[in-house]
Amino acid sequence: GFGVGLALALGSSAFIGSSFVLKKKGLLRLCRRGRARAGQGGHAYLREWLWWAGLLCMGVGEAANFAAYAFAPATLVTPLGALSVLVSAVLSSTFLNEQLNVHGKIGCLLSILGSTVMVIHAPQEEEVSSLESMAEKLKDPGFIVFAVCVLVSSLLLIFVAGPRYGQSNVLVYVLVCSAIGSLSVSCVKGLGIALKELFSGKPVLKEPLGWVLLVCLVICISIQINYLNKALDIFNTSVVTPVYYVLFTTAVMMCSTILFKEWQHMVLDNIIGSISGFLTIVSGIFLLHAFRDMPFTPNLLPLFLQPGRADPHPPWSSGDRHQSCQHQPLLPSEDKGSQRKEEEEEE
């Protein structure tokens with residue numbers, strides 16, 4: 001299960017990272033044509049083939065992600081989404097002319113390293129092998145409280161914060177996608193269990209829970225697509241993708257911890273490793289987001305690192321070097337002369 005889940009998660013990251021770029025490309029073409037923008041409530045992107053190509057890539061990636069959740073724990077699959085950040089950032093700088101400075105490259109590298117650490121120390125979830133056990137977990141009071149909090153906060157973000165701050169703050173629409181996405185992962189996990197039972201010959205189609213999970217998954221994905229399009233239309237892809245990853249991973253970890261009790265039997269080194277890996281990812285995303293508009297030219301490098309200006313001979317070895325400040329007189333010569341006159345007058 002680990003190898004299959006790992007391969008599916010890697011393929012999912014590649015497709016999802018490409019889908020962000022294709023969608024953004026389609027939205028930019030619509031903007032040049034003067035069509036109603038998605039950030040302003042327009043849906044002209046439904047007639048753009050590039051947007052549909054991006055949606056197809058996202059569908060393939062999500063399908064691979066769907067299968068990965070059926071073979072591996074959520075806290076193993078979700079951190080590998082950092083690779084989609086790298087794919088999206090590289091493709092955006094290549095095809096969308098969005099600059100990725102050295103801070104962004106270091107941030108992408110830190111995200112990958114943090115994800116690797118999280119995978120190594122991933123907690124083990126409680127075994128859920130049937131829809132009956134999944135139904136028992138969904139009835140847990142802790143998960144019910146979490147789901148209610150997610151729904152209420154999403155409604156407040158959509159109807160209160162969205163009209164006021166949605167055009168200026170990237171967190172508004174991305175938070176909606178992330179919060180709803182945590183519930184969609186739970187639905188995906190339950191549907192994966194249902195498919196396993198279906199292939200084993202059990203009468204899963206008669207169980208109402210499977211259909212309820214399917215309907216909830218369709219609703220959650222529809223909301224995610226709508227508000228993710230708004231965020232992509234307003235902000236750069238290199239900003240939306242990493243912020244979405246951090247918030248989505250956080251929400252999924254919280255949901256999986258509450259629903260599948262993944263952290264109950266972890267030893268101390270795995271807890272520290274998981275937290276350290278996640279903080280490394282957050283640090284990388286901060287570098288990628290906070291310094292995205294800061295130009296980093298070769299002139300900002302030290303002199304010996306600047307291309308074409310490196311001096312093979314250090315300045316202190318040249319014959320016409322300036323005298324070091326440690327050997328320069330503390331006072332200029334004129335000040336020294338006036339000081340001597342004052343001393344003579346006093347004598």
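Cβ from N, Cα, C; glycine included.
What TrEMBL lists as transmembrane segment is 6-23 (among others). Within the same chain, residues 45, 50-51, 53-58, 60-62, 64-65, 67-68, 71-72, 76-77, 80-88, 91-92, 95-96, 119, 229, 232, 237, 240-241 sit at least 6 positions outside the transmembrane segment (6-23) and bring their C-beta atoms closer than 8 Å to a C-beta of that stretch.
Positions annotated as transmembrane segment by TrEMBL: 44-61 (among others).
The transmembrane segment annotation in TrEMBL covers 67-90 (among others).
Note on the transmembrane segment (102-122): residues 6, 73, 75-76, 79-83, 85-86, 89, 238, 242, 245, 269-274, 276-292, 294, 296 of its chain, located 6 or more positions outside it, place their CB under 8 angstroms from a CB of the stretch. Under the heading transmembrane segment, TrEMBL lists 102-122 (among others).
Non-local neighbours of the transmembrane segment (142-163) in the same chain are 172-173, 175-176, 179-180, 182-183, 223, 227, 251, 254-255, 258-259; each lies 6+ residues outside the stretch with a CB under 8 Å from one of its CB atoms. Among the features that TrEMBL reports, transmembrane segment is placed at 142-163 (among others).
The list of residues near the transmembrane segment (170-194) in space but at least 6 beyond its ends in sequence, with Cβ under 8 angstroms from a Cβ of it, reads 65-67, 69-70, 74, 78, 128-131, 134, 138, 147, 150, 153-154, 157-158, 161-162, 204, 207, 209-210, 213-214, 216-217, 220-221, 223-224, 227-228, 230-231, 234-235, 239-240, 243-244, 247-248, 250-252, 254-256, 259-260. Annotated transmembrane segment per TrEMBL: 170-194 (among others), in sequence order.
Per TrEMBL, transmembrane segment is recorded for 209-227 (among others).
What TrEMBL lists as transmembrane segment is 239-259 (among others).
Feature annotation from TrEMBL assigns transmembrane segment to 271-291 (among others). Sequence-remote contacts of a segment are chain residues at least 6 beyond its ends whose Cβ falls under 8 Å from one of its Cβ atoms, and for the transmembrane segment (271-291) they are 75, 79, 82, 85, 89, 101, 103-104, 106-111, 113-123, 238-239, 242-243, 245-246, 249-250, 253, 263.
Annotation comment: TrEMBL describes 311-347 as region 'Disordered'.
Taken from TrEMBL, the feature compositional bias 'Basic and acidic residues' covers 333-347.
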